[in-house]
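Asks: Okay, these came from TrEMBL:
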- 194-221: coiled coil (COILED)
- 20-51: transmembrane segment (TRANSMEM)
- 80-100: transmembrane segment (TRANSMEM)
- 106-133: transmembrane segment (TRANSMEM)
- 145-171: transmembrane segment (TRANSMEM)
- 177-198: transmembrane segment (TRANSMEM)
Amino acid sequence: MQMEGLMGGFYRLSEWIMRLAIINLLWILFTLVGAVLLGLMPASIAMFAVVRKWIMGDTEIPIFKTFFSAYKKEFIKGNIFGLIIAAAGYVLYIDLQYLALVDGALHTFLLTVLFLAGILYFILVIYLIPVYVHFDIKFNQYFKYAVMFGIANFHITVFMAAGLAVLYYVFMKIPGLVPFFSISIPAFFIMWCVNLAFKALAAKKEKLEQEKEEKEAAAGTYS
């Protein structure tokens, strides 16, 4: 029985290794299909759409079919997201260049502002796609929700930043992992962490609704 359990564990581990390797290779392939710049965001959205289903418990989905369907569906909107993120990043870059031209109190002030802006930008980049594949809301609300989730769950954001730094270190030390896991494992880690924030929001919402029902029931009793 012990051996059977051990073999079962190895089998499940090998399944996950295969899934993550496949989705990583698909991400590389479809990023290249979109000439990199046009393929990057649609491929990333497609990958997160698949990873989200895995985390939600649907591990038997057809990987290629699900990925390709999301890639086609989100190609235009994904590139709009990418353009906005790139534009915001470019503005931050220009501001950093300007920072080198000033000194004194102005330099300190601008450095503080840019540091805070950099944190918000990091939150936006990390949370935007997970929020997009999880919620069905208006286009402009995705940006607001992404930043709000990141700030409201700042402990999770810090944990993600630390985890991604560790993963980066591992991939730098073991470059042979890069073609197979350098995108899929960070994506899985990010989606898993952000899903914790989603669950916390759902639990808080459920608690508030329960308290509201209890108050209404109590008011009905005394009326």
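Each residue's number is its place along the chain shown, starting with 1.
Quick reminder: no glycine exception, Cβ is built from N, Cα and C everywhere.
No curator has checked TrEMBL annotations; they are predicted automatically.
For each feature listed, report its degree of burial, its nearest neighbours and the pertinent distances within the displayed model.
Replies: Beyond its flanks by at least six residues, the coiled coil (194-221) meets 52, 55-56, 126-127, 130-131, 134, 149, 152-153, 156, 160 of its own chain at Cβ-Cβ distances under 8 Å.
For the transmembrane segment (20-51), same-chain residues at least 6 beyond its ends with a Cβ under 8 Å from one of its own Cβ atoms are 61, 63-64, 66-68, 70-71, 74-75, 78-79, 81-82, 85, 129-130, 132-133, 179-185, 187-188, 191.
Beyond its flanks by at least six residues, the transmembrane segment (106-133) meets 44-45, 48-49, 52, 70, 81, 85, 88-89, 92, 95-96, 98-99, 142-143, 145-147, 149-151, 157, 160-161, 190-191, 194-195 of its own chain at Cβ-Cβ distances under 8 Å.
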Asks: Quickly jot the same-chain residues contacting the transmembrane segment (145-171) by Cβ under 8 Å, restricted to those at least six beyond its ends, or write none.
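Replies: Residues packing against the transmembrane segment (145-171) from afar: 120, 122-124, 126-128, 131, 135, 137, 177-178, 181-182, 185-186, 189-190, 193-194, 196-198, 200-201.
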